[in-house]
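Annotated features in TrEMBL:
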type	residues	note
BINDING	A:His112, A:Arg113, A:Lys128, A:Lys135, A:Lys136, A:Glu137	substrate binding site
Amino acid sequence: LLKDMDKVEETSKDIIKFTAEKLSVDDVSQLVTSPLCGAISLFVGTTRNNFEGKKVISLEYEAYLPMAENEIRKICSDIRQKWPVKHIAVFHRLGLVPVSEASIIIAVSSAHRAASLEAVTYAIDTLKARVPIWKKELYEESSSSWKRNKECFWATNS
Amino acid sequence: MVPRCQVEILYFAKSAEITGVRSETISVPQEIKALQLWNEIETRHPGLADVRNQVIFAVRQEYVELGDQLLLLHPGDEIAIIPPISGG
């Protein structure tokens with residue numbers, strides 16, 4: 001049995017998915033689970049119900065899909081250069097994401113916890129700076145506003 | 001006379017709301033500075049002047065600022081107008 005365990009080779013996976021369906025933390029976590037890993041670190045981004053005194057009903061997301069996927073692949077590649085991680089999953093929802101629902105789940109597995117904890121932080125920070133995805137806040141009073149991440153690497157003037 | 005080619009312009013988020021379209025094919029010089037390309041697009045959609053200082057291009061899925069960089073375009077190239085992003 002020990003011989004079999006030594007021979008187990010597990011190709012490292014980068015799993016990137018865009019979907020209009022509700023995201024499941026359990027499903028994403030399962031995708032990065034590995035017998036070689038003692039840690040899975042997660043980030044879950046959810047819709048908050050307020051912005052500058054206005055009541056937010058929902059966020060609405062769109063993406064430049066092929067480029068967004070490629071930019072996330074580059075982030076996965078960067079992560080693998082910097083930290084010894086096993087599997088990486090980035091799931092982003094598109095369309096309407098009501099309050100308290102998840103718009104993004106990032107999951108990373110590693111043998112020991114420091115690598116996956118740091119990699120998840122890097123992933124969300126870099127996604128917010130570079131990946132062509134946009135969200136619009138829909139307010140209770142029927143108005144709306146396209147948001148801008150402070151991390152966005154261009155357009156620093158407001 | 002610089003040869004021209006047909007390229008596809010993609011609009012997202014606020015820029016799509018301004019133009020009312022998600023994509024269109026236009027004829028542009030094959031060699032053109034990024035800012036000149038923006039001016040050609042803004043001529044077609046004057047409302048885009050509102051976002052001129054906030055957007056960036058993605059030419060063949062690589063970011064290009066609206067500046068002096070000389071673009072070498074091929075027929076069918078995709079050029080996206082990228083307003084400030086807000087993913088995650």
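Placed from the backbone N, Cα and C atoms, the Cβ positions cover glycine too.
Keep in mind the model is a prediction, meaning the values are calculated, not measured.
Between the candidate binding-site residues, A:His112, A:Arg113, A:Lys128, A:Lys135, A:Lys136, the densest Cβ environment within 10 Å is the one around A:Lys135.
In sequence order, A:Phe51, A:Lys54, A:Val56, A:Leu59, A:Ser144, A:Ser145, A:Lys147 are the residues of the chain that are 6 or more apart from A:Glu137 (substrate binding site) and have a CB within less than 8 Å of its CB.
Proximity to chain B (Cβ-Cβ distance under 8 Å) holds for none of the binding-site residues A:His112, A:Arg113, A:Glu137. For the recorded site, A:Arg113 (substrate binding site), the DSSP three-state label reads helix. Reduced to three states, the DSSP call for A:Lys135 (substrate binding site) is strand. Taken over all pairs of the listed substrate-binding residues (A:His112, A:Arg113, A:Lys128, A:Lys135, A:Lys136, A:Glu137), the Cα spread reaches a maximum of 38 Å, rounded to the nearest whole number. In this structure, A:Lys128 (substrate binding site) is part of a helix by DSSP.
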